[in-house]
Amino acid sequence: MADLLPEHPEFLWANPEPKKSYDVVIVGGGGHGLATAYYLAKNHGITNVAVLEKGWLAGGNMARNTTIIRSNYLWDESAGIYEKSLKLWEQLPEELDYDFLFSQRGVLNLAHTLGDVRESIRRVEANKFNGVDAEWLTPEQVKEVCPIINIGDDIRYPVMGATYQPRAGIAKHDHVAWAFARKANEMGVDIIQNCEVTGFLKDGEKVTGVKTTRGTIHAGKVALAGAGHSSVLAELAGFELPIQSHPLQALVSELFEPVHPTVVMSNHIHVYVSQAHKGELVMGAGIDTYNGYGQRGAFHVIEEQMAAAVELFPIFARAHVLRTWGGIVDTTMDALPIISKTPIQNLYVNCGWGTGGFKGTPGAGFTLAHTIANDEAHALNAPFSLERFETGHLIDEHGAAAVAH
């Protein structure tokens, strides 16, 4: 019987005691931190690396997202990094030698108003210019892709069409983290759990290490990949980040036979739904409007999301919700990430992904690793510098991002 069970994730990597010093310390053991460690080792030959996680590996937003992967963003800069990320997703199962159930089942982004229609068609054309696969579908074509959706005109927000990205899809989030962790461990990276960073060692305006609950660790370079707690880490280091953290809720239903063949998203009414490989419906809601670090949210957000979901999918009316939870999303004013050097020498930051963090996992790791190794940004993340908030060179991606998952 034991031979039939999946390998316990802790057997996939070592759990060493932290060494006194490393070339690079990455704060945050989620998808982005692990991907950064992997690409540092693979692309740049830097293996004397520690990934520090204050809890268990990938127990933060990596364990709490709705697993949607897409790249159909409006502006050139965001389309560039998300399309790079999607191309990396497509090769990672073979590269990491781990089946994390990447399913390119397509993503529909619904339009409910004439304004939605105009913006959606604009985005489809922009995607085509950037080499991103995108189509505009009529309501009847939407019904062909997703037969269970209600395209009647007698609901509050009738479906007037949708954008469709066939290469988009979902993946098993826990397995993604385990795959990166296993491969990084094989390359010599130390993955250290239950090790919270409580402060930074500095020599003037240069970081030289971190203080943790498991002792002091010296480092040549330090990277922050703490998602919703990035502003807290930055404050400990002595600078500010222009981000706000909000709870973002999601929920799952009981198990069903396969009924939902794709991923459906509606920014207008904040319904984001797919069916996981085991059969449960995975649904995302809108963010709670208040700032906070709690991993749960207000019930009315879920209530409104469920009402809208049942209108779009009448078949869900008798489904039972098993559990709800929340993650902490760190949002910037232009709805795009910060992957950048900081005012502190040898300290780098990757944050501000908002609700796009999971889909950007490989791209974030790829570009942050390049930035750390070369002390300068890759062309893909150069537009996402911290300085853009001083110069005013923002990239307003709210039309394609907002709180979309």
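Cβ atoms here come from the backbone N, Cα and C positions, even for glycine.
Swiss-Prot annotations:
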- Gly31, His32, Glu53, Asn61, Met62, Thr66, Ile68, Val197, Gly354, Gly357, Lys359: FAD binding site (BINDING)
- His173: tele-8alpha-FMN histidine (MOD_RES)
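Mapped onto this structure are the features recorded in Swiss-Prot.
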{"residue": "Gly31", "record": "FAD binding site", "Cβ contacts under 8 Å, 6 or more apart": "Ala58, Met62, His173, Val176, Ala177, Phe180, Gly357, Phe358, Thr361, Gly365"}
{"residue": "Glu53", "record": "FAD binding site", "Cβ contacts under 8 Å, 6 or more apart": "Gly28, Gly29, Gly30, Gly33, Gly59, Ile191, Ile192, Gln193, Asn194, Cys195"}
{"residue": "Lys359", "record": "FAD binding site", "Cβ contacts under 8 Å, 6 or more apart": "Ile68, Ile69, Arg70, Ser71, Tyr82, Ser85, Leu86"}
Exercise. Fewest other CB within 10 angstroms, which one of the binding-site residues Met62, Ile68?
Worked result: Ile68
Exercise. Taking every protein chain shown into account, which of the recorded positions His173, Gly354 has the largest tally of Cβ atoms within 10 Å of its Cβ?
Worked result: Gly354
Exercise. What does DSSP say about Gly354 (FAD binding site): helix, strand or coil?
Worked result: helix
Exercise. Of all the Cα pairs drawn from Gly31, His32, Glu53, Asn61, Met62, Thr66, Ile68, Val197, Gly354, Gly357, Lys359, the residues the record ties to FAD, which distance is largest, in Å?
Worked result: 30
